[in-house]
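TrEMBL lists 38-286 with the feature domain 'G-protein coupled receptors family 1 profile'. Sequence annotations record features per position, and here TrEMBL assigns transmembrane segment to 23-44, 56-75, 95-117, 138-159, 193-213, 234-256, 268-288.
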Amino acid sequence: MENLSFNLFVLSGLQESGVYKPLYFLLTLILYALIIAANLTLVLNVTMEKSLHEPMYIFLSNLCVNGLYGTLGFYPKFLLDLQSDVHTITYGWCIIQGYVIYTSIMCEITILTVMSYDRYVAICKPLQYHSILTPYAVFKLLVLAWAYPLLTSLIAAILTVRIPICGSHIHKLYCDNPSILKLGCFQTTVNKIWGLILITLQLMQFVFILISYCHIVQVCVSSSEGRAKFTKTCVPHILVVVIFAATTLFDVLYGWDGSLHFPDIVRSALATQFLILPPLFNPIIYGFQLPQIRKVLCRQRCKIMC
């Protein structure tokens, strides 16, 4: 089939925004500012406060760094689109945007998996916690949590750029790998197999999280101390996992033709929830729920006010 060599894509997710663009721009700008402020505040406090140099808080700060990384791939471009009547993106930047957003999704899953393992060891094997989660072990877990998504997504991107493009319209607010593949002149078995492998690996991580919390609940129900520890440190993590899973599901449903029978602007809003709720609520949930972080934030606020 002839390769028509499209080097410029049209993002058509904003077609129905019309006169509401200024309002959307203002709300998006405020939202992005809140995301940056909330995540940076938590990351800086964990970095500078020695009492927070524990595995759980280090993993949490990495979750917030990932939130900043993922939103950087979407919000600046989206804000520019809201200021323009033409919503286009070059092929190269489209590949980069898709890579950033989807590595962020995969990093979120891997970091949440590592955090569930941390809670499992802390509650089910408390006497062995510091011997298992040594600084070197924490370092290796973080390298794995970041390297695995970055490398596997890179392979997916390389497989995608091998396919000639025969279309130019992406019916979303941002670029992603499945949307680019839909514009390909042909579909390859290799891309489909690699996609299935990645989906399977992500599902396995959710299963690991579920199994970890089954063990944690079994231990916690037997004592009031265990229940208190579960409420303080595990409930925030469960909330974060549920929010992330639900918002990611919206994006998956968006990719299935006819799955969401809503106007395009509503479908676009639902499909971007994973770029709104997790990066905004992750630091807020942990900031309010974890006593140690709440204590540090209160102390910092007192210093500023005094």
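Cβ coordinates come from backbone N, Cα and C, glycine included.
Nobody curates TrEMBL annotations by hand; they come from automatic prediction.
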Six or more residues beyond either end and a Cβ under 8 Å away: which residues meet both conditions relative to the transmembrane segment (268-288)?
13-14, 31, 34-35, 38-39, 41-42, 60, 63-64, 67-68, 70-71, 74-75, 101, 105, 108, 172-174, 236, 239-240, 243-244, 246-248, 250-251, 253-254, 260, 262, 294, 297
Could you give the mean pLDDT over the domain 'G-protein coupled receptors family 1 profile' (38-286), rounded to a whole number?
87
Out of 23-44, 95-117, 193-213, what stretch is closest in contact terms to the transmembrane segment (56-75), meaning most Cβ pairs under 8 angstroms?
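Ranking 23-44, 95-117, 193-213 by Cβ pairs under 8 Å to the transmembrane segment (56-75) puts 95-117 first.
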